[in-house]
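The annotation ATP binding site is assigned in TrEMBL to G14, T15, S16, V17, D18, G19, I20, D21.
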Amino acid sequence: MNMEEKFIVGLMSGTSVDGIDAALTRIIGSGNNTKVEVLNFITLDYSKEMRGKIFQAMDPERSSTPLICSLNFELGYCFADAVKKVCRDVQFELKRLNAVGSHGQTIYHIPQSESTYIPSTLQIGEPAVIAYQTKTSVISNFRVMDMAAGGQGAPLVPYIDYLLFKNQHKAVALQNIGGISNVTVLPENCSLEDVYAFDTGPGNMIIDELVRRFYGINYDPNGKYAKQGEISQPLLNEMMEDPYIKQFPPKTTGRESYGKAYVDRLLESWRRLSPNDLIATATYFTAKSIAQNYENFILSKHKIEEIIVSGGGSYNQALMTWLDILLPQLSIKTAGDYGVASDAKEAVAFAILANEFFSKHSANVPMATGAEKSIVLGNWTPYIDQK
């Protein structure tokens, strides 16, 4: 049993491309004995210019190899700045850090073979830049080993959900609503082998893109615009025909399915609807797609009593209200009710994954990713100062 204390910063930037979440953590132990204290959490917003570059890099029609090459290093400096700020804000000296766990920024994710492309994933934000700028060793590139082992490289948070939220007395579901929505199912009195997880479909991604186009802001604050609109049943019916919603797990998805191109097609066919009606319908679609996945793949197997919601979607009152209406038999809470800030959980997760790397513990969940075996995740970029 390793009860050594470590100070690790976890870094995450998701598919919403809002900015970099950074969590300064104190971690004692590892594996089932992990104890985590969050000393500080910040979100370092991307500049408008940086968001534009990232979205361009994600778009096969507008991207280029020089752009991705340069952006990899530019984001490395951004991630390093987030490490410095999350420490500086609480007067924590960088030299006390044991490591940084960086997810990076996903540019493209191919979970299954597509024509001439094999399963693969690309996260950028150069770890060598982070290591040099912070004088701290970095663990990064967590998804690729799972994919090398035959998995889809996602979701990775289920291992952390198990460590932090497993309950001896009841089955719970952890629903993260970021750009994409994903669920982790923890059966009553479960072992890690019992845990499974998958992406349920879109989270905030379609909503955010619509709000960006209509109102020039990055998200729908508290579901303001959704609450002012009406749900279009014909459009909702069309959206619910999405084959991904009915696809059996394990499954993952991303911006490739629900990003700019999806919204382009939506507006081409449904521009006669008002902006708020489109936003309301997209918001309800997110809630209904989550509920449909529960009905199809979870509730028939387990008597789930509680859903614990995290991510930016937990702050959207319209989305949370509709989720509550669609799943009336379940108690819906947020990660904040359990002492973990809803928007901090994924950054904390990558701090824990870095800690598990140093402890040589497997940290993927094959039932969630489809990997052939449990395996240690991450690449190590050491900072060794020889003066």
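All residue numbers here begin at 1 and follow the chain in the order shown.
Glycine is no exception: its Cβ is also placed from the backbone N, Cα and C atoms.
TrEMBL feature annotations superimposed on the structure.
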residue	record	Cβ contacts under 8 Å, 6 or more apart
G14	ATP binding site	D21, T106, G178, G179, I180, E346
T15	ATP binding site	T106, G178, G179, I180, M205, G254, R255
S16	ATP binding site	G178, G179, N204, M205, D208, N218, Y219, G312
V17	ATP binding site	Y46, R51, I54, F55, Q105, G179
D18	ATP binding site	T43, D45, Y46, N218, Y219, G312
G19	ATP binding site	S13, T43, L44, D45, Y46
I20	ATP binding site	L11, M12, S13, T43, L44, Y46, C78, F79, A82
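Report note: the ATP site is defined by G14, T15, S16, V17, D18, G19, I20, D21, and the residues of the same chain whose CB lies within 8 Å of the CB centroid of those residues, excluding them, are M12, S13, T43, Y46, Q105, G178, G179. There are 26 other CB atoms within 10 A of the CB of D21 (ATP binding site), with all protein chains counted.
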